[in-house]
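Dropping the structure in here first, questions after.
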Amino acid sequence: MKTLLVLKTSVNGEQSHSNALLDQAVADARQRFPELTVIERDLNAQSVPTLNSETVAAIRAGVADTEAQKTAIALAETLVAELNQADAVLMGLPRYNFTAPASFKNYIDYIARPRITFRYGENGVEGLLPNIPVAAVITSGGAYQGTAADTMTPWVTQVLGFVGLSQVQFIHAENMAMNADVGLKQAQTQLQHWISQLS
């Protein structure tokens with residue numbers, strides 16, 4: 001593996017459990033791959049603005065008349081380029097009010113682009129991104145994995161698969177509000193295993 005894309009989405013900065021797990025995983029990956037290039041994008045610190053009618057039209061057409069449109073097109077191109085450059089993706093997704101952070105939804109809106117990352121063909125939707133391994137680290141205050149309340153896992157599976165990323169391994173760190181140490185340790189072990197499978 002030459003390049004790892006790391007996506008952070010927590011609003012809690014240095015206090016974030018998901019960020020801590022990602023940082024440790026990156027350190028482990030660097031040990032395994034000494035020449036590793038890490039592209040880190042903090043979607044909270046490096047704001048990904050919500051699209052509106054002006055900016056979404058510009059991204060679709062690839063034509064900008066305003067500074068806001070130019071900025072939106074440039075960001076969309078950069079985010080897709082990072083995915084195309086990566087050999088694997090590591091993302092932290094804290095569960096906020098039963099779903100992913102708003103910054104991640106905004107990110108998806110920038111990368112899900114017709115004829116760029118997906119297209120409609122005779123057999124339906126075809127994702128166009130390289131199908132590289134993805135580790136999605138979901139941190140939760142309670143325990144939701146495998147219950148009807150976990151609407152987040154199927155949504156992430158669907159939206160990433162839509163653009164061609166179907167090799168998604170979910171790593172759940174649960175009960176963070178009650179017994180964080182146990183959940184963090186279990187997640188770290190799973191992340192170490194995921195890294196060991198990369199090549």
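Keep in mind that glycine also has a Cβ here, set from the backbone N, Cα and C atoms.
When I checked TrEMBL for this same protein, it listed these features:
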{"type": "BINDING", "residues": "Ser10, Ser16, His17, Ser18, Thr139, Ser140, Gly141, Gly142", "note": "FMN binding site"}
{"type": "DOMAIN", "residues": "2-194", "note": "domain 'Flavodoxin-like fold'"}
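Thinking about packing and proximity, how do these listed features fit into the structure?
DSSP gives Ser10 (FMN binding site) a coil state; it is part of no helix or strand.
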Are there any residues at least 6 positions away along the chain from Ser10 (FMN binding site) with a Cβ closer than 8 Å to its Cβ? List them or say none.
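Looking at Cβ-Cβ distances below 8 Å from Ser10 (FMN binding site), excluding near sequence neighbours, one finds Ser16, His17, Ser18, Asn19, Asn44, Gly92, Pro94, Pro101.
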So, in DSSP terms, is Ser18 (FMN binding site) helix, strand, or coil?
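Once the DSSP labels are grouped into three classes, Ser18 (FMN binding site) ends up as helix.
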If I take every residue in the domain 'Flavodoxin-like fold' (2-194) and average their pLDDT values, what number comes out?
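So the average pLDDT across the domain 'Flavodoxin-like fold' (2-194) works out to 97.
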With every protein chain in view, how many other Cβ atoms are within 10 Å of the Cβ of Ser16 (FMN binding site)?
19
Taking the residues the record says bind FMN (Ser10, Ser16, His17, Ser18, Thr139, Ser140, Gly141, Gly142), how far apart in Å are the two Cα atoms that sit farthest from each other?
17
